[in-house]
Amino acid sequence: MKSPVHRCRDVEHSRGQSGAGTNYLQADQRIPISKDVITSSSASAMWFIKDACGIMCAVITWLLVFYAEFVVLFVMLLPSKNLTYSIVNGTLFNTLTFLALASHLRAMCTDPGAVPKGNATKEYIESLQLKPGQVVYKCPKCCSIKPDRAHHCSVCKRCIRKMDHHCPWVNNCVGENNQKYFVLFTMYIALISLHALVMVVFHFLNCFEDDWTKCSSFSPPATVILLILLCFEGLLFLIFTSVMFGTQVHSICTDETVSDPLIDLQSSQNPLTSAPPFPAASTCFILRVLFCFMWKTNNLTPSFKGLKLRPAVSHRINTGLISVSPS
């Protein structure tokens, strides 16, 4: 469910001696660099994308989870004669379901790292001190200064820092601030899908050995249909979310989004925008980020013990959205 990756950036070169007919920023037109431009937006601010397709996909996601909840509780667990089996599996399944839906809400309603819109204004020109050959990035669609590794999303209509992809199932981009919740969502959905499949297999085995009328409060044909649909849903989502979870974990471990290889290929051909390769993250750090649901830091790229993952503003532009050309 990925949106097409933009293969090129809108790069505006500030040259001291460019012609009047060029599209480059002149010395008196350069966009100033401010820390307010590259800092994360407030994580507490409400964020919601008004996209009909995304809203419909998000509603379908919740309906499918509620269907699985209904079948597990009213078809398999409540009619069971084994009280311990029902309590243990019911508690586990409901806990995972709650965590999955909570992660989905956080992924959907968290600002993924949107760059402030329209910050490339004339007000900053006087405070700008750039040398000839320096490079700034500007998005012409939202008139924003574009940080390194930021990409414009045509659905959100904003530039998103460390944008991985736009997922319609969470009706949001997966970016710097909400990737953690998206990873947790895929993990919990995979776990409840696996749990549901295991319970369906055990329920079928018990019903074959016993009377079908005693296995469920529904009629045998209705029970079989409900279980088959749940089995199909669980298998489909187990495969899909497992692949997504593995892809996201690999992305976190390498500190590289889906869009980065294309941008790095472009940057490697331009000496002005070349940068050192991504450092790798430690396994301990990855596990700490993934399994601390209430961890205060939403960003997946903090510094720790001397290892600093490449942040939204890379090593080559630590002083702003600038890359200085060799003299």
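Using N, Cα and C of the backbone, Cβ positions are placed for all residues, glycine too.
Nobody curates TrEMBL annotations by hand; they come from automatic prediction.
Features reported for this protein in TrEMBL:
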DOMAIN    138-257  domain 'Palmitoyltransferase DHHC'
REGION    1-22  region 'Disordered'
TRANSMEM  52-77  transmembrane segment
TRANSMEM  83-102  transmembrane segment
TRANSMEM  181-204  transmembrane segment
TRANSMEM  224-245  transmembrane segment
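Among residues of the same chain six or more beyond the transmembrane segment (52-77), those with a C-beta under 8 A of the stretch's C-beta atoms are 85-86, 89-90, 93-94, 97, 100-101, 104, 108, 155, 168-172, 189, 192-193, 196, 199-200, 203, 216-218, 223, 226-227, 229-230, 233-234, 237. When DSSP labels each residue, the domain 'Palmitoyltransferase DHHC' (138-257) comes out as 70 helix, 18 strand, 32 coil, counted as helix, strand and coil in that order. Across all of the domain 'Palmitoyltransferase DHHC' (138-257), the predicted model scores a mean pLDDT of 89.
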